[in-house]
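Some notes on the structure that comes next.
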Amino acid sequence: MQGNEEFFTRKREELGVELNEVQKKAVLHTEGALLLLASPGSGKTTTLIMRIGYLVEEKGVRPERIKAVTFSRASARDMKERFDRFFPKHSGERVAFSTIHSLAFEMMRDSLRKQRIDYRIIEGDAAELEEDVDFAGERPPLHKKLILRELYRRIVGDHMTDDQMDELTTYISFVKNKLLPQEEWGAVKCEVADAERLLAEYERFKREGADKRLIDYDDMLVLANEALDADRELLRKYQRRYDYVMTDESQDTSLVQHAIVEKLVQGHGNLCVVADDDQSIYAWRAAEPQYLLDFKKAYPRARLLKMEQNYRSSRNIVQVANRFIKRNKNRYDKNMFTDNPEAEPIVVHRLSDYQLQAKFVAERVAEEDNLREIAVLYRNNSSSIALLNAFDRAGILFYMKDGDNRFFSHWVVEDVLNFMRMTFTDRRPDILEKIHSKMNGYITKQQMAALKAVPQPDSVFDNLMNYVSLRDYQFKLLQECKETFERMKGMAPRDAIQTIRYDLGYEKAIDKMCERLGFRKEYLIGILNTLEDIAEGLETMEAFAHRLKYLEQVMKTARRRRSDNAVTFSTLHSAKGLEFERVLIVDLVDGILPSNDDIKKHEEEDAADMEEAVRLFYVGMTRAKRRLELCAYDRRDGTKTKVSRFVNAVRRIQDPEAFQAAPGKRPAEANGESAGRAHEAFAGGERAMGGQAPGRGRAAASAAASTRRPPGKATVVRIDNPRAKATAARNPNAVREAALLAVGSAVEHRSFGRGRIERLRGDHAVVRFEAGQKTLSVSACLEMGLLELKG
Ligand code: ATP
Ligand code: MG
C-alpha cells in the first residue's frame, strides 16, 4: 500500500490531480473483473488512464500487454493523448488503444487467412473513395451502400432514398450486433419494405456474388466472434497477447462486442469495464447496457464500484442534470453531485425564428479568445451547414467534428443551380432535362425526348410549344415559366431561390415527391432555407455558386482543424466523453430533440426512445464545465415550433417559481406535454431524491439540498433581433461604422490578426491577412466588433 500511496502522491504533484478513494480503489483493483459504473465527469476515463499508468509504472507491466478498447477511433486518439499527457515518460510506448472494430478486424483477418479465403472490405474510407468513381455502366464497385441500392432496385423495383438507406443499414447493424439468427430477423422492426429479404440477399451476395468474400464492419465483429469460438489456436493467440483489458464507454458496447471481450479475457479475467447507463445513446445500433446490469452473470466474482462525484461541471449544471435524468425510469439510480462552485446559471435563448439562430450563436462566441474551449452541439448533422455559413461569415475558426456531408452534393442543391443556369440561357435541353419534372408545366419524359430531337437551338420553351405535342394547360404554364426565367436574369440569388420555390413551382414539386417517394420533407425544405441563408447579401447567382463551392472547401478544411484554437461543431452523439468550458446546444425544439418519432412512441406508451432522447440531451448538458446555453426558437420555415420539453424541464428545475409564474401559461402548456404527464415526470424526480435514506453520504445530502434550493436563477432571454443583442463584452476599439473602412485600410481581425483591405463590395470585404486572403461580411464584423483599424 505504501508504494501505492507514493504513486498517487507523485501523480498529484506532477499533475495536480488527486484521485478520490473510489478512483484509487479502481486503479488498484487490477486483478480480476471490475465494473466501474459512474456518472458523467466523475473521472471514469481519467481512472482508466491512471490504471494503465499504474500497471506500467508500479507493476512493471509491459505497455503492449495492455489493451484499452474505446468506442470510436476519435476516442482512442483522445485517450492516447490524455495518457501521453499524464505519463509523458511512457508516451512513445505501445499501449494498445483502439476500437473493438480494429481488434476484431485483426482476428477476422487471421482467421480468413488461415482458411485461405480472400476477402475485401466494403465499408469505410477505402471503399468510400471508390464510391466516387464513375463506373459508366461497368460492374458496380463493391461498396456496401451500392450493393444494397442495387438489391433494393431489383427486389423492390424502385430507387432507395438516403433515409431508407440509413434505416436499412441501421437494421442490418442491429441484427448483426445482437447476434440474431435468421429466424428472428423478421421480428426486428424496419420501415424499409422487404428489409428482411434484402438482408438475406445481401448476405448471400457477400458470400457468393464476387470473387472474394465481401466484409462490412458488422461482419468483422461477427466473424471475429465466430473465429474465437471455432479456432482454439486463434483464441489462445489473442488471449495470450494481453494481460489486462479495459473498455471505456461500455454502455454503448453491443452484444457481439461484449462476447468478443468475454472470450479475450477468459484466461486471466483481468477486465475493467467502465460505463454510465445514463449515457447509453446507441440502443438503435444495438448497444446492450443491460449486459452491465447482469455483469455478475458473466463475471461472478466481479467487483462493482460506483462513482458519483462530478469533477467537470459547475454545481448548477450538475444539480440540474442530476434531476433531469431522473425523468427516466429505466435506469440504475445514481445521484451525481459535485464540490465544484456554482457558476453561471444555464441560459435558455429563445429566438423568434430559426433563421436567427446560427448568426446569433456566432455572435455569442465572437467575444471569446479561447475557442478550443467552446462547443456547439446538435442532434442532426443537417444543423451544421447554417452554422458553417454563419461562422465563416463572422470569421470565427471552427473545427467540424461532424457535418452534413450530403449537403453540397444533394440533388436539391443541384436542382437550384440548374434552375439558375437556365436564367443564363434557356436554350439547353440538357439543363432542362435535369429539372423538367420539378417545375410548373410538368414536362413529361416523352415530351423531353421529343424536345431533344428538335434541331433548332432556340429557347427550350419555344421549341416545346412549337414542335412538341403538349396538353392544352401546358402552353400557358410553359409560357409563364419562360417569362419567369427571363425575369430572373441578374436577380440576386436569394430572390432567385424564392422565385424558383414559389413561382416556378419547385416547392410544390418537392411536396409531391415527398408524398410519392417517402422523402423527408423537413430535410429538403431545410436545404432550401439554408441555401437562402447562404445567398443572403450576395449580389449575383455566380457569386452564389462560388460561395457554395467555397463553403464545401471550408467544410473540408474545418474537418482537419482538430488541434487548432477553434470552436468544435459536433453532434451530441460524437461529443460523448469530451468536455468544454462552454457548450451551446442548438435546435432544441420538439420534433428535433426529442424527435417526432420519440414523441409519437411516447404517446403510445412506449418510452424507450424518449428515454434515449433524454440520455442524449443529458450527455450534451454534461459536456459543459461552466457555461451551458440552450438555443430554441418559436418558428421555423413559417411554421410554429415548440421549445423542446427538455429545455422546459431544465427551466423548471432551475427556477420552478419563475416557470410556474410564466404569464398566461400553465407550465404543462408551455411544456408541450399533457399536464398530467409533465407534472408526473417532474414530481417523479423529486420523489426519487426525497426518498433517499439519510446518511447515504454526500450524494444524498447534496441531492436533498437541491430539492430545497433551486440551483441559481434561470435566465430566459427572449431575443427577436440578435443584432440589437450583441452588446456584451465588446471590444471598445472595434470599428462600428462601415464608412470607416476603405480599400487599403490596415485592420486587425480577432481571429486572423493583421491584414489590409483589398476590396470592398456590398457587404463583403476582401482582406489580405498573413495567412491568406479572406472574404468577410462587413455587417457581421461590425456587429460583433471583430475588426480594429490599425495605423
Ligand atoms: P464522461 O462520462 O463524460 O466520459 P468521465 O467520467 O470519463 O466523463 P473524465 O473525463 O475522466 O470523466 O473526467 C472529467 C474531468 O474531471 C476531467 O477534467 C478530469 O481531469 C477531472 N477529474 C477526474 N477525476 C478528478 C479528481 N479526482 N480530481 C480532480 N479532477 C478530476
Ligand atoms: Mg469518459
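Placement of Cβ uses the backbone N, Cα and C atoms for every residue, glycine included.
What TrEMBL says about a protein is an automatic prediction, not a curated fact.
In TrEMBL this protein carries:
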| type | residues | note |
| --- | --- | --- |
| BINDING | A38, S39, P40, G41, S42, G43, K44, T45 | ATP binding site |
| COMPBIAS | 689-709 | compositional bias 'Low complexity' |
| DOMAIN | 17-314 | domain 'UvrD-like helicase ATP-binding' |
| DOMAIN | 315-577 | domain 'UvrD-like helicase C-terminal' |
| REGION | 657-714 | region 'Disordered' |
Practice problem: For the recorded ATP site formed by A38, S39, P40, G41, S42, G43, K44, T45, name the remaining residues of the chain with Cβ within 8 Å of the site's Cβ center, in chain order. | Solution: T46, D276, M307, N310, Y311, R312
Quiz item: Cβ under 6 Å from ligand 2: which of the binding-site residues A38, P40, G41, S42, G43, T45 qualify?
Solution: T45
Exercise. Check the domain 'UvrD-like helicase ATP-binding' (17-314) for me and report the mean pLDDT.
Key: 90
Practice problem: List those of the binding-site residues S39, S42, G43, K44, T45 whose Cβ lies under 6 Å from any atom of ligand 1, in sequence order, or write none if there are none. | Solution: S42, G43, K44, T45
Quiz item: For A38 (ATP binding site), what is the secondary structure state per DSSP, taken as helix, strand or coil?
Solution: strand
